[in-house]
Ligand SMILES: O=C(CO)COP(=O)(O)O
């Protein structure tokens, strides 16, 4: 029997200052209902500590959006795993397509970040996903397989307990265009099989695989009905309490 968790995660990207973040949590906590989902929220670095403090009595986990691959050093503007740990953060998003695209995060850097996070007992949400041209060329499976292999296949089976995968097709991020439930399921099934082939069915059955890319209250239920979709990583629709709660209720 699979142990994998249902997760709804919010990636706030570079939205919400401290006051906006506080307002969100006040309203969110008031309105949150019982759910079988684990709820994760990733605010910007400047809001992390306050968000952690404001939610510590509630079933909400605060997550970082990024961290540096080195333990420490002369890296102006960067944040280390140890710094995150010191304020109670135990999970980080790595490999988001915006980091890969705008901040030149390569597979090699990402595999280092994965290593450093796990060495510091920080769990990861590892994002993978193809661009539109990869899909048009029929290369989407190959591309996703190589992101998995280069980013994560240096891990041992036990370390996979600390990994959540987010499949986010780049063409569906912030565009309003969602992968159809069938397209998403097909890729999630492929990801699970690729992990099973490298490790074992036991490892792959227990990994939560989230879908991300224009998830909204209107499409969430159909996506969550797919057998290999264990939840969502939500951008735009996580910024408003109502729509985020509606997505949580769809699980
Ligand atoms: O990038 C995403 C989450 O990490 C998805 O963003 P949107 O939900 O805004 O498409």
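Glycine residues also receive a Cβ, built from the backbone N, Cα and C atoms like all the rest.
Automated prediction, rather than curation, is the source of TrEMBL annotations.
Feature annotation from TrEMBL assigns substrate binding site to 11, 12, 13, 174, 214, 235, 236. Residues annotated as active site, electrophile in TrEMBL: 96. Per TrEMBL, the feature active site, proton acceptor maps to 168.
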Max CA-CA distance, Å, over listed substrate-binding residues 11, 12, 13, 174, 214, 235, 236: 14
Recorded positions compared (11, 12, 168, 214, 236) - the one with the fewest other Cβ atoms within 10 Å: 236
Fewest-neighbour residue among recorded positions, criterion Cβ within 10 Å, set 13, 96: 13
From recorded positions 12, 13, 96, the one whose Cα lies nearest residue 168 (active site, proton acceptor): 96
Nearest-integer angstrom distance between the alpha carbons (Cα) of residue 12 (substrate binding site) and residue 96 (active site, electrophile): 12
Filtered binding-site residues, from 11, 12, 13, 235, whose Cβ is under 6 Å from an atom of ligand 1: 11, 235
Structural state of residue 236 (substrate binding site), classified by DSSP into three states: helix
Per-residue Cβ crowding (10 Å cut-off), top of binding-site residues 174, 235: 235
Nearest-integer angstrom distance between the alpha carbons (Cα) of residue 235 (substrate binding site) and the residue listed as 'active site, electrophile': 11
Residue 96 (active site, electrophile) versus residue 214 (substrate binding site) - Cα distance in angstrom: 15
Per DSSP, three-state class assigned to residue 168 (active site, proton acceptor): coil
Neighbours of 11, 12, 13, 174, 214, 235, 236 excl. site residues, C-beta within 8 Å of centre, substrate: 15, 173, 234, 237, 238, 239
